[in-house]
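> Before anything else, here's the structure in question.
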Amino acid sequence: MYCTCTVLRSFYFHDYSGKIARCSTGYVPILLYVLNVQSSVAADITIKKLQLVTNIIPGGGTRAETMADVVCLRDLEKFAERYQAKWVRDYYTSGANSEQTLSDNVDAFKRIRLCPQLLKDVSNVDLSTTLLGEKISFPVAIAPTGMQSLAHPQGEVATAKAAASMQTGMILSTWSNKSMEEVVSVAPSCLHWFQLYIVKDGGLTASLVKRAEKAGYKALVVTVDTPVVGLRLPDLRNGFQVDSSIRYYSVIFLSLPHLEKVQKSPDQEGDMYGPISISPAVTWKDIEWLKQITSLPIVLKGILTAEDAKMAVKSGVAGIIVSNHGGRQLDGVLASIDALPEVVEAVKGTDVEVYLDGGVRQGTDVLKALALGARAVFVGRPALWGLTYKGEEGVHLMLEILKREFSVAMALSGCTDAKNIPESIIRYLPTQMSAKL
């Protein structure tokens, strides 16, 4: 018996014995895009009937990889590169334009060297820290990434459960495939923050804020670097677009009654998010407006300069995430780790906490960020690799790897408290001048 599953523009046939049959679009390494199932119960039943995608490889059979084969984040990345459908992989991994910033986010960490403090007693190392007063077991949490069900049917639910199991936090994306209420309910011990885009419909933005408050989110993370969407060439080549059934049924706005009345107009063709598009007119006044309608602390995501950091302090926000949107917005901006020191300096003497995302791939990266003043780091793409690998278990493994690497890096550097990593352990490589004028 075969079952047909729609995956956006692609589909395949899967029998209950665990074999994949070829369809006209080739082998698609995704079991089911649950967003096309208009009932969470129906989706769960369908998933139980079918073999989970994490055990399927293109061409039929099961993967040979086991958890023991994955010992670093690069192993998870290579798995995702191999098994994600090309258009999904391109959507998750692409950066803007020539992808200079995308590459530099990772490369910038390599330009920083560590100088360990030797002959220190490191028999007791405290990895824990706090985010706005809430304790997490180590200074790594999950950054907001959209449409996680493209990586695994359980999407953000699996990610939240993994974060909870590692006693850390997660920022839920505005473009989540699971409702904000469901994500909190399945992982109540996770530290939940909600990432907010201020959209064109002010009433919709306010409704999202109120839902986040009611559901139990502890902070609003407002992305400020996206007045318009950056140009990601692979997505343009692939014609990536979320169709209407996914757009209106899958995103977290499902429970908003007035959204169901919105009709797609001809001028919305080619717009990924249609009537829930991000507003290009957002200013600092909108941050003031948010503070008036919510008691939740506000964190601004996307700050890269001292000037904007100082404006953030004036606006009364609780935190800043130094971020360039994973290199997906304006190409050619500073790598996040390179921008971090001036932002930290700009908020010195205030209560504003500074975090970082972008380019973190190993435990030493976490240590470097903390030494330069970040309170914690957030990881996005690595969570997607973990989801692709083995859902909740894969994300848990990713976090476990980073925690182990960070613990070893702290001890070898002579550091015993994640809340007090000295900048003195950092050295920068000398600038290499090109031989060509």
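Just so you know, glycine gets a Cβ as well, placed from its N, Cα and C.
The shown structure was predicted, so the numbers you read here are calculated from the model rather than taken from an experiment.
As annotated by TrEMBL, domain 'FMN hydroxy acid dehydrogenase' applies to 65-431. Among the features that TrEMBL reports, glyoxylate binding site is placed at Tyr91, Tyr197, Arg232, His325, Arg328. Per TrEMBL, the feature FMN binding site maps to 144-146, Ser173, Gln195, Thr223, Lys301, Ser323, 357-361, 380-381. Taken from TrEMBL, the feature active site, proton acceptor applies to His325.
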> Including all protein chains displayed, how many Cβ atoms other than that of Gly146 (FMN binding site) lie within 10 Å of its Cβ?
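Within a 10 Å radius of the Cβ of Gly146 (FMN binding site) lie 21 other Cβ atoms.
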> Please report the distance from the Cα of Tyr91 (glyoxylate binding site) to the Cα of Lys301 (FMN binding site), rounded to the nearest angstrom.
21
> I need the CA-to-CA distance for Arg232 (glyoxylate binding site) versus Lys301 (FMN binding site), whole Å please.
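Between the alpha carbons of Arg232 (glyoxylate binding site) and Lys301 (FMN binding site) there are 20 Å.
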> Between Gly359 (FMN binding site) and Tyr197 (glyoxylate binding site), how far is it from one CA atom to the other, in Å?
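Here the two Cα atoms are 22 Å apart.
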> What does the structure give for the C-alpha distance between Tyr197 (glyoxylate binding site) and Gly146 (FMN binding site)? Integer Å is fine.
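Roughly 12 Å, rounded to the nearest whole number.
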> Does Arg328 (glyoxylate binding site) have same-chain partners at least 6 apart in sequence with Cβ under 8 Å from its own Cβ, and which are they?
Ser94, Gly95, Ala96, Leu102, Gly230, Arg232
> What is the separation, in Å, between the Cα atoms of Asp357 (FMN binding site) and His325 (glyoxylate binding site)?
8
> Give the sequence-ordered list of residues that share a chain with Lys301 (FMN binding site), lie 6 or more positions from it, and have CB atoms under 8 Å from its CB.
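Lys301 (FMN binding site) has long-range Cβ partners Pro144, Gln195, Val221, Val222, Thr223, Val224, Asp225, Ile320, Ile321, Ser323, Asp357.
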> Would you mind ranking the binding-site residues His325, Arg361 by how many other Cβ atoms sit within 10 Å of each Cβ and giving me the lowest?
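Minimum Cβ neighbour count within 10 Å, taken over the binding-site residues His325, Arg361, occurs at Arg361.
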> Note down the number of other Cβ atoms within 10 Å of the Cβ of Arg381 (FMN binding site), including every protein chain shown.
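So the Cβ neighbour count for Arg381 (FMN binding site) comes to 20.
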